[in-house]
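Asks: Supplied in structure tokens, the structure appears directly below.
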Ligand SMILES: Nc1ncnc2c1ncn2[C@@H]1O[C@H](COP(=O)(O)OP(=O)(O)O)[C@@H](O)[C@H]1O
Ligand SMILES: O=c1ccn([C@@H]2O[C@H](COP(=O)(O)OP(=O)(O)O)[C@@H](O)[C@H]2O)c(=O)[nH]1
Ligand SMILES: [Mg+2]
């Protein structure tokens, strides 16, 4: 048996909120505001994947091809990137923006991190509004074109929404009407995070 001095091993008990919503629903925008007001660290799996492409990493080309088709990158790759980013961040509260996107993402995340989310913030927005936002986002993203947008909506409907419904059945979803102006959306989000704070969640 390993000898130790009685102290617990260095362990972080982390709190995680999954921030879900269709492409262009405003996940990144609202996460930035939650960070300012509630001290979470913001990890966007999409951003982490785009960094891999830029860095020309081992899986960069494959990731780029998947993204341009609006398809989901294999869970192993995404989860490892998230896990690494969490370990490198000196915080115990994380917003996972745009993750998980399907059931396999969840299974892989739970297997590798043993973390269960506190709750799911769900930004509910009609496709028409999301399309308008994506087409005027101007971030130079190759996947913000109408063909790829349609594919991304389909993946969201078929793979991500069932997950949201699953978490809703466990009482874990906090849904917000995301079709309103940013300030109004954030007012609702603030209420949710304030009450989560009070409950020590
Ligand atoms: N509530 C809102 N009303 C109008 N435009 C918004 C709103 N939230 C975000 N946007 C804009 O819509 C685009 C998509 O937002 P973003 O936060 O990148 O969404 P997501 O991360 O969900 O794809 C951005 O140009 C952003 O400035
Ligand atoms: O966990 C993730 C996050 C993103 N993506 C890929 O990256 C793209 C862009 O995701 P992001 O969250 O950045 O887009 P948004 O929803 O914000 O428009 C998606 O369409 C997928 O191809 C993925 O496969 N897994
Ligand atoms: Mg985003």
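In case you wondered, yes, glycine gets a Cβ from its N, Cα and C as well.
Just so it is clear, the model here is predicted, and its values are computed rather than measured.
Got these off TrEMBL a minute ago, pasting:
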BINDING   24, 25, 26, 27, 28, 29, 137, 180  ATP binding site
BINDING   50, 71, 72, 73, 98, 99, 100, 101, 141, 152  ribonucleoside 5'-phosphate binding site
BINDING   105  CMP binding site
Asks: Ten-angstrom check, please: count other Cβ atoms within 10 Å of the Cβ of residue 27 (ATP binding site), all chains counted.
Replies: 26
Asks: Checking the binding-site residues 29, 50, 98: which ones have Cβ within under 6 Å of ligand 2?
Replies: 98
Asks: Could you check which of the binding-site residues 50, 72, 98, 100, 105 is the closest Cα neighbour of residue 29 (ATP binding site)?
Replies: 98
Asks: Of the binding-site residues 50, 72, 137, which ones put their CB under 6 Å from ligand 1?
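Replies: By the Cβ criterion, which requires under 6 Å to ligand 1, the hits are 137.
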Asks: Going by DSSP, is residue 98 (ribonucleoside 5'-phosphate binding site) part of a helix, a strand, or coil?
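Replies: Going by the DSSP assignment, residue 98 (ribonucleoside 5'-phosphate binding site) belongs to neither helix nor strand, so it counts as coil.
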Asks: Filtering 27, 28, 29 (binding-site residues) by proximity to ligand 3: which pass a Cβ cutoff of under 6 Å to any of its atoms?
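Replies: Among 27, 28, 29, near ligand 3: 27, 28.
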Asks: Provide the number of Cβ atoms within 10 Å of the Cβ of residue 180 (ATP binding site), excluding the reference atom itself.
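Replies: Within a 10 Å radius of the Cβ of residue 180 (ATP binding site) lie 15 other Cβ atoms.
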Asks: Measure between the Cα atoms of every pair in 50, 71, 72, 73, 98, 99, 100, 101, 141, 152, the residues the record assigns to ribonucleoside 5'-phosphate, and report the largest value in Å, rounded to a whole number.
Replies: 21
Asks: Going by C-alpha positions, which of the binding-site residues (72, 105, 141) is nearest residue 180 (ATP binding site)?
Replies: 141
Asks: Express the distance between the Cα positions of residue 72 (ribonucleoside 5'-phosphate binding site) and residue 26 (ATP binding site) as a whole number of Å.
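Replies: About 19 Å separate the Cα atoms of these two residues.
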